[in-house]
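Here the structure is laid out as structure tokens; the discussion comes afterwards.
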Amino acid sequence: MNHKLLTKFVFSGMQKNKKTLIPYLLAGTMTVMIYYILQSLAHCPYIYKDGVEAFYGAQIISILLEISGQIVAVFAAVFLFYTNQFMIRARKKEMGLYGVLGMSKKNITYILAAESLMNALISIVTGIVMGTFLNKLMLLILYKIINQPPVNGLFFSVEALKSTLVLFVILFAVSLIYNVASIRVGKPIALLQSDRTGEKEPKVKVPIFILGIITLTAGYKLALSAKTIGGAVNILFVSILLVVIATYCLFTAGSIFILKCMKKNPKFYYKTKNFISVSNLMFRMKHNAAGLASICVLSTGVILLLTCGFSLMMLIGKNIDDRYPTDIKVAETVSEAGKGMDDFVTMNKALQQDGIVTTDQIYRQYRNIMVTEKDGKQKIADPDTFDSDIASDIVTYLLSAADYNEYADMNLTLKDDEILIYSSGKEWKKGDNLNFMGKEYTVAGEAEYSAIRYIIDSTMSIFEREILVFPDDEQICALMAEAGQRVNPDEYEVFIGYQLEKALTAEQMETVRVLMELSGLNREAIRFKSEEMSAFYSIYGGIFFVGMFLAALFLMATVMIIYYKQMSEGYEDQKRFQILSNVGLTEKEAKESIRTQVMLLFYLPVAAAIMHMIVASSVVRLFLRMILIVDTFTFNMAIAIVSMIFLVIYTIVYKITSREYYKIVNRKD
């Protein structure tokens, strides 16, 4: 057969299968475009190039973009192969017909290769072209998110082009090999009748069903057991893995179990629409289950990423204020009596000398140790092993009642066995007991936040933080000495802070650093809130930007899987509904049956996804506290809002795809 005729078959086949081909090309193009943009931004000279940051914190964004690019690469491999399977399943009957009509497998391979080449060219070229044009827009959006002034000029990344071409040429080549292999190993008659296979009613796979229940229970239990940031770090990814396994197991075996239970209920089952829907789904669950589970996992990913992203941006201002409560912050360790206060006086003079007007001046001194909590008892952490179980390690700040009274403007008196406590991860009530360094203490109450807000820093750490206020400094030194610590009564951690009348210029900041250095202070100990804000916006904005990219990718994949599932099921169910129509099923009854069938399991994945997110909310919120403080109310509100928005989008997709499904099953061809 000559190439001209084969080429006609290629274009004819693509035209005939455009309803499945066009979404496949769109999905491929979008995946290529997203990967190319992420790689291009990761190598963008306006962000980070040759070790030089374009702005403060740019290196962090570059790293985040690189990591997200790798995530997209893995996802692209799975997603494109998954959608390709739908494509080749729909083409098997057509290829079988070619074989029956006398076309050789060599010619069929040529058709598949030509189609795959065209699909790859369209997806890769269009994706790169769109990515190139959208690069500047994405860069401007990123700059807007991280509070940077817009940049002029365009850029083109050769590195991004190379990596994109290599990755997607390999992926499309692997898809072609799979397609050719699946066609060449099959006989024409078998391929022609491939849509009639799998008619045997599936059985409940008991081991898989039990495994699903066990892994879901274990995953949920782990997620709900996290009480500290360290605990969340230890268990989050394990619990995610368990829940993903459980999702696939329960959708595969559990869905069949539910349908069989429905079948055993005569009042429900022996109604026309239910009878047809349940029976039909019983025969199609082998294909439905994997698709539904994938939709559930991707939906959970979309809700999770959007929730974290919106929480991040809503709370960024509050978190910057918590980490840098003053415009100028100095944190240092002093080991000489009066050294901290001397530095405070020195800084006051230096600021006055430079004409900088302050509206508030803060001085705090305290001790800082790492403790390990086990069985309700806290003791000094072993420096060689304290990071082996971060869930039980706590950064502890120690204050005397005298210092606390000065900072809080109070007149508190504590008994020898009483303490005040403030914890970032645990609620303490008056009358609770704490065993600290082997001594029993009664909690006299919670420390006033206004007195300790300049000391405790709950952001950017995997460890819990707590403040303990003791009756006097002598007791603190005695406890530390008994625990084997080398104690210098004159050694303290010092916080010095200033609120300014107006913001400083970059020149003024450098002048302050020079003056501090000349006065014997470490210039690296001085932090300016306005400078640190840039780093925070870079970190938070970068995470938000990458999160939205990945959420968009997962959402696209969710929509595509839903679409292909509906199309695939429609073609498979078409003949069944024609048979039922021939024996008296009206069009109205067919439509009601379709609606029941689709809705029975269509909303199950999103319901399961929301359930997963609700259960995971606590552990995810604790995990996020490594980079920001997220209050429960804000995080739960974000979950509710994002879930409702996602449900609306999901419903729109359902309406569109179920209409296509209805058209297919009622077709008379």
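Glycine is treated like the rest: Cβ placed from N, Cα and C.
Over in TrEMBL, the protein carries these features:
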- 71-184: domain 'ABC3 transporter permease C-terminal' (DOMAIN)
- 21-38: transmembrane segment (TRANSMEM)
- 58-82: transmembrane segment (TRANSMEM)
- 120-145: transmembrane segment (TRANSMEM)
- 165-185: transmembrane segment (TRANSMEM)
- 206-223: transmembrane segment (TRANSMEM)
- 235-259: transmembrane segment (TRANSMEM)
- 289-316: transmembrane segment (TRANSMEM)
- 537-564: transmembrane segment (TRANSMEM)
- 598-620: transmembrane segment (TRANSMEM)
- 626-653: transmembrane segment (TRANSMEM)
Highest-contact recorded stretch vs the transmembrane segment (537-564), from 21-38, 58-82, 626-653, CB pairs under 8 Å: 58-82
Paired segments the transmembrane segment (206-223) and the transmembrane segment (58-82) in contact, 3+ CB pairs under 8 A: no
CB contact flag for the transmembrane segment (235-259) and the transmembrane segment (598-620), at least three pairs under 8 A: yes
Confidence summary (mean pLDDT) of the domain 'ABC3 transporter permease C-terminal' (71-184): 81
Summary of DSSP states over the domain 'ABC3 transporter permease C-terminal' (71-184), given as helix, strand and coil counts: 98 helix, 0 strand, 16 coil
